[in-house]
Amino acid sequence: MPSNAATEAARLSSAPMMDWTDRHCRFLHRQLSRHALLYTEMVTAPALVRGGALHLLEFSPQEHPVALQLGGSDPNELAQAAKLGAEAGYDEINLNVGCPSDRVQSGTFGAVLMKDPDLVAECCSAMIGAVGVEVTVKCRIGVDDQEPQEVLPEFLARVSAAGVERFTIHARKAWLKGLSPKENRDIPPLDYDLVRQMKETFPALHLSVNGGVGTLAEAQKLLEAGFDGVMLGRAAYHQPVDILGSADRFIFEEDTPDRTGKDAVRAMLPYIEAHLTEGGKLHQITRHMLGLFAGQPGARAWRRVLSQGATRPGAGPELVEEALAEVTGVVA
Ligand SMILES: Cc1cc2nc3c(=O)[nH]c(=O)nc-3n(C[C@H](O)[C@H](O)[C@H](O)COP(=O)(O)O)c2cc1C
């Protein structure tokens, strides 16, 4: 099984999510957990290689360990994109074989590649040849009328033979026609057991499970059941303190106090100042901070002050201080 900083961190990861896990979101998540692995949004290989959109690779050094997720299906282009990602300093390059959106299907990326494990293997082999950091794959258990019991082991066997040793498996099928991307994250049933069987069939692979995990306690149970890692998406985004604020102690077994929402806000203030000085807008950061006090007294006032004020011209850190003052009864 692979062993490096990103693999250690993959015990708990925050999922790649388009429009959500941008660099500001990841910086926030890093204030809550020093150890969890953070994934970028998907960046397409054509955008990097043909479009020259290298700004999509920018991140803060504090985000490490951080993994770049790529979308694409052309081996040469993916190899070039992976190289650009490794040169930018990412700790891992991940290939998206799980995203069912139409836009993505039109370019033959994402979940549709579950139907072509040979091409995925070719892509991964080209990426592995181009970079020194680990190349990983995030996939589904199958698509459309595929039989997951048959296709998932075939997929893992074929792609691992190309040199991939770590996979994250979103434990449900994707329906490429008939369901929206959002429905595809909820409607096809979860099958953790099948993914667990894969760990028995391929004990040398590092397998993380993803899909529908709502709490750290659930994540811990899955780790105890034999998975090497757990990836959380929506729960990590909407309740970042519950998930990431306790992760270092609870999942990574570090003797460290849990991080609170207030800790995170205080840590974000200098980052916000620097972003504004560079001409950035407050809401680009605070939109990811709305869930910091989820479930706590004052959460609604916190969200209201931030969401009403952060887009106003000239809004700055004082608005965040004002919103924080609304939060009552929060343990500092
Ligand atoms: C808003 C949003 C955007 C997403 N974008 C991506 C993406 O770019 N790449 C990807 O592999 N998965 C993407 N996903 C799927 C998540 O990574 C994850 O597999 C899915 O949400 C299931 O995990 P969860 O139940 O913990 O949220 C996205 C999910 C959401 C909610």
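The backbone N, Cα and C atoms fix where each Cβ goes, glycine too.
In TrEMBL, the FMN site is described by P16, M17, M18, K138, H170, N210, G211, G212, G233, R234, and among Q69, Q80, Q284, Q296 the residue recorded at this site is Q69. When secondary structure is read from DSSP and collapsed to three states, R300 (site 'Interacts with tRNA') falls in the helix class.
The Cβ of K138 (FMN binding site) has 26 neighbouring Cβ atoms from other residues within 10 Å, across all protein chains displayed.
For R234 (FMN binding site), the same-chain residues 6+ apart in sequence whose C-beta sits under 8 angstroms from its C-beta are M17, R185. Our reading of the FMN binding annotation (P16, M17, M18, Q69, K138, H170, N210, G211, G212, G233, R234) yields a largest Cα to Cα distance of 20 angstrom.
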